[in-house]
Each structure stands twice: as C-alpha cells, then as structure tokens.
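Database features, via TrEMBL:
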type	residues	note
DOMAIN	42-293	domain 'G-protein coupled receptors family 1 profile'
TRANSMEM	24-49	transmembrane segment
TRANSMEM	61-90	transmembrane segment
TRANSMEM	102-121	transmembrane segment
TRANSMEM	142-164	transmembrane segment
TRANSMEM	197-222	transmembrane segment
TRANSMEM	243-264	transmembrane segment
TRANSMEM	276-295	transmembrane segment
Amino acid sequence: WEFNGSFYQPSAFLMMGIPGLEALHPWISIPFCALYLSALLGNCVILFIVRRTPSLHEPMYYFLCMLALTDLGLALCTLPTTLGLFWFGARRIGFDACLTQMYFIHILSFIESSVLLAMAFDRFMAISHPLRHPAILTRSTVLKIGLAIVLRGMLSLLPIPFLLKRLTYCGRTELSHSFCFHPDIMNLACADIKVNVFYGMIILLSTVGTDFIFIVLSYILILRTVVSLTTREECLKALNTCVSHICAVLVFFIPMIGLSMIHRFGKNVPPLVNTLVAYTYLIIPPALNPVIYSIKSTHIREALLRALCRKRG
C-alpha cells in the first residue's frame, strides 16, 4: 500500500480466474489457448490475404482490416494476464499496469464499435447508392475515417485512468476477472465514485450507444432498399453481403451490453455468470470474426485458397 495522509492507493490488484473452478485452471486454459490461437492466426491471415490480393483493395476490406487489427489488439491485451493466471497462478498486477491494460481494452472496444458502424455505412452505400459508393468512400476517405475512429477512442477515454488514480482505495483489492475493467476497479474504491460513474455512462452512451443506434438505422435503410428490388435473387444477393457484418455486430454488442448491465445493475448475479460474460465479450469476437468472414465472404475464401495453392505449388 502507498500511504499519503488520508490517501490510500494499492501497489497492486489481485486478478480472479473462474470462481469455484480454480483447481481446473490448467485444463480450462486449453480452450482459451485455442481461442487465442484462432484470434491471432485468423486475423493475421485476414490482413495477409487483403494485402496480397489487389482485387480486395476496396473500402469493405479496408474496414475489415481495421476490424482485424482491433481484434488482434484485444486478444494481445488480455492474453498475458489470462494465460499467466491459468498456467502459473500469477494473480498480481501492478496498479499502473492495471490502469494501462484497462485503458487499452476500453479503447480497442470503442474502436471496434466504431469500425462496425463504418462497415454498416459502407454496406448501406454499396446497396442503396452503388453508383456513388466508389466516389464517396475513396481510399483517402477510409484512412480519414480510421484516424477519426482511433482519435475518438483515445481522447474520450483519456480521463478514465486519472479519475481512477485520484480515488482512495481500501480493503478489497481483488478484481472480478483476469484483466482490468473500469467498473471493476472503480467499485474497489472507498471514495465517492459518482464522477467516474457519470463520466463512464456518458462516454459509453455517446460512443458505443450511438454507434449501435446508427448501425440499426443503417440496416433499416438497407432493408428499405432491398425490399424495393425487383427480383428475389437481387434481394438475396444484397442481403448476403451483409450476413458477415450482422454476425460480427451481434457477437460484439450482445456480450458487451450484457457485461455493462451486470456491472451496473447485477449485484446479485452469480460471479460465474459475470466471469463467463466478460470472457465472451473480450475473447469470442476476436476468435470468431475471421472465421465468420472467411466462411461467408466468397472473395476472401477464394483468395485464401489461391494463396494455399501457390504455397503447395
């Protein structure tokens, strides 16, 4: 503990694995290793395929590369502490290291939300305004959108570590997960956390909440356009280009909303449920997104097969 008058700050926090199953952590680490391996390899393959295939140098695949980079970042943020805890029982994480991990986890989550919104806008333009799509979403425009997404995430969350550092902590130092999460750290403080709660809620609603609303509006407009198409084949073809993105949106937003609700209102929720939802939110999307896009995107699947054939040849 660091002591300065009436101000207390722990030198470290203790992370929690899966409550009640501590003896099985080495075995539980096996599926986690598989998920992390899938996330790392799958997203690297997506980046490699898009980079090496000129026909995929389009806005849709540029945004997919942004999603893959974000998923790689999320996987790498939680991998050391999660596997360190499961393999070696390394529960201790320094206070500043915890705040740093928390900052990057939240930044990458916000970036992923914004990238999914950008992908929804791309699908809306491609289906509803196909002739204007290439002129509006040029390579430079996509780059500017990517920079704006990163800056929004970094600046909006910049005060969070400082708001946590000003708090007085006492008593408990045990986190609910094998990674650092803002509501989790905040609830360990014995000071007034109204500012943290208010700022966190405002930022969440104005970023992720707004992104989700605009994604829903984009698909309402897409459906209006699809319904107006003359033939059933055209309707199915247009909708088929959105299936991968819809799956990615559901895989990301459902666990995120669930975890946010649990942290704010689920005081009586069993710890095991809280833990499983948190792991689903941070590990499943990075592992599943490359699989979803590889299965549903004909262009990526064909490019991957060509790359494999060239290596065999």
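Every residue, even glycine, has its Cβ placed from backbone N, Cα and C.
Any TrEMBL annotation is an automated prediction that lacks curation.
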Task: Folded-back contacts onto the transmembrane segment (24-49), same chain, C-beta under 8 angstroms, at least six residues removed - done: 17-18, 56, 64-65, 68-69, 71-72, 74-76, 79, 82-83, 85-87, 89, 279, 283-284, 286-287, 289-291, 293-294, 300, 303-304, 307
Task: Which of 102-121, 197-222, 276-295 contacts the transmembrane segment (243-264) most, counting Cβ pairs under 8 Å - done: 276-295
Task: Cβ contacts under 8 Å made by the transmembrane segment (142-164) with residues that lie 6+ beyond its boundaries - done: 59, 62-63, 66, 99-100, 102-103, 106-108, 110-111, 114-115, 118, 182, 185-186, 189, 195-196, 199-200, 203, 206-207
TODO: Averaged across the domain 'G-protein coupled receptors family 1 profile' (42-293), what pLDDT does the model get? Just tell me the whole number, please.
DONE: 91
